[in-house]
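Some notes on the structure that comes next.
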Amino acid sequence: MALDRITLSTFRNHRESRLDGSAHFNLLIGANGAGKTNLLEALSLFAPGRGLRRARLPDMAGMNGNGGFSISAALNPGDGGEAVILGTGTEPVRPSRRIVQVNGADTSAISLGEWLSIGWLTPAMDGLFTDSAGARRRYMDRMALGIDPGHARFANRYEAALRERNRLLSDDREPEAPWLDAVEMQLSEAGAALAQGRERLIALISAVLDRLPDQPFARPTLHYVPGGPSDQQMLATELARNRRRDRAAQRTLIGPHRDELEVTMAGKGVPAAHSSTGEQKAMLLAITLAHAELSSDGRPSLLLLDEVAAHLDPVRRAALFERLRQGSGQIWLTGTELAPFSEIDGEAAIWRVSAGELERLS
Amino acid sequence: MASQEIDALSASLSRLPGLGPRSARRAVLWLVKRRETALPQLLEALAAVRDTLVECAICGNVDTQNPCGICADTRRDQRQICVVEDVADLWALDRARLFTGRYHVLGGKLSALDGVRPEDLSIGALLERVQNGGIDEVVLAMNATLEGQTTAHYIAEKMDGMPVRITQLAHGLPVGGELDYLDEGTLAQALRARRPMAG
């Protein structure tokens, strides 16, 4: 299976934890605060970035350790060849610096992405459809990053240029036109690339979702609503034309920072924000699965699903497990009890987690 | 326990770029041990810099003469000006001795957030140099950062209509670089800036 022989050393509440004999489905059962999500977080660190909690590295080091932590796993590349040993962690002397090793040799976190792709869904993302538009833009950008690593650069550059323009517009003095021209040139260049990246992402995900039936698993329809022209020249023209209005508002009123992702439930036509909690969860899952399929791109893939079964009714749950069974990616699930997982308990590797200790159940 | 004098020296040195308190203490100890040999040399060099270094009135370079050695050098092409953000950039370019024209140091880059406005940079002096005539080409050698490129576009627009050719350093594939190792942003830039080959 994708990842096996997983070890955690002084990682959050896990002093020394080891998981062997993983399967396609892997289930972590335990009470709240037992350390199930910590385990998923550890796995999420085999991807570039800050992991599924977006936490700071020093916060991940265990209380009773020496100030550092380490995580390792054997990756089966799926080509029949020898397993690749992945390792990451921090050293006590530099608790903010992430160390990454592949087969014992130091490398960059980015290079982890060459070996496997990891997607996740956590309860923290549950409010996505009712949250601010900004949260949905960040969600789009995170997904776009999985498909095009260059996307982050445009997003950062756009943010920086936007701050410059807003600062110029809110100045007491009338901003100098050539200065605004220069900033808007960069704003439109990064903004067009950013908008096109999001547009492409939503089109790709929609194409995957379109192949699915409306039921029993709730199928979302995604609609990308641009906050400005996605063509560089047109965006530049619009920005220049809106200067007076934007100066009155003291901020930029058009552009991809005003993008919105509209999600409705297919068949019902109801906005996702007005759907039931369970339906929202099902739609989020559908998007997460579609994205995982898109971004795996031939690499072994991992899907970390934290507390997903609880909100779903038995019919949807069965449909979810059936979909996950068909995929090639390795699945890691957590739950407080075994009952919701009865559909898969014959084929899953199951561990009980309590106070950072693991016990293999089956 | 170190004396007040040693502490004061450590404190001054610790502010040097790339040093910090620990390295500064190490440097001070090294100097103290060699106070007969290395210390006088260093004192002399520091005094010479203090007494003779001036900023060139034409380009903003730092040198012991005004105009600086580069501006005074008549063998250099008087019709080309290379515009850089800081003196460090000028030195980097001139170390390679590839550019045969003269320079213009802006003294920073435009940044609304940091409160650096056009009048804080020597942009006016640059425009004046160009307006005075005798210049064919202005090379904008700003960093490829947001502020650097904003500054380049700003200057280019300010020179619009002046009888000079405005060029910019190329962005893209580094010499000796392998495509396989480049990030997408750099590759995309290199592809955009591709040029026809003779042949």
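Even glycines carry a Cβ here, placed using N, Cα and C.
Per TrEMBL, the features are:
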type	residues	note
BINDING	A:GLY30, A:ALA31, A:ASN32, A:GLY33, A:ALA34, A:GLY35, A:LYS36, A:THR37	ATP binding site
DOMAIN	A:3-330	domain 'RecF/RecN/SMC N-terminal'
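Annotated features taken from TrEMBL, shown on the structure.
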| residue | record | contacts (Cβ under 8 Å, 6+ apart) |
| --- | --- | --- |
| A:GLY30 | ATP binding site | A:LYS36, A:THR334, A:THR336, A:ARG352, A:VAL353, A:SER354 |
| A:ALA31 | ATP binding site | A:THR336, A:SER354 |
| A:ASN32 | ATP binding site | A:THR336 |
| A:GLY33 | ATP binding site | none |
| A:ALA34 | ATP binding site | A:VAL353, A:SER354, A:ALA355, A:GLY356 |
| A:GLY35 | ATP binding site | A:ARG12, A:ASN13, A:HIS14, A:SER17, A:VAL353, A:SER354, A:ALA355, A:GLY356 |
| A:THR37 | ATP binding site | A:LEU52, A:ARG53, A:THR122, A:ASP306, A:THR334 |
Cβ-based neighbourhood (8 Å from the centroid) of the ATP site, residues A:GLY30, A:ALA31, A:ASN32, A:GLY33, A:ALA34, A:GLY35, A:LYS36, A:THR37 excluded: A:ASN38, A:THR334, A:THR336, A:VAL353, A:SER354
Local backbone state of A:ASN32 (ATP binding site), from DSSP in three classes: coil
Mean per-residue pLDDT computed across the domain 'RecF/RecN/SMC N-terminal' (A:3-330): 92
Neighbouring C-beta atoms (10 Å sphere around the C-beta of A:LYS36 (ATP binding site)): 25
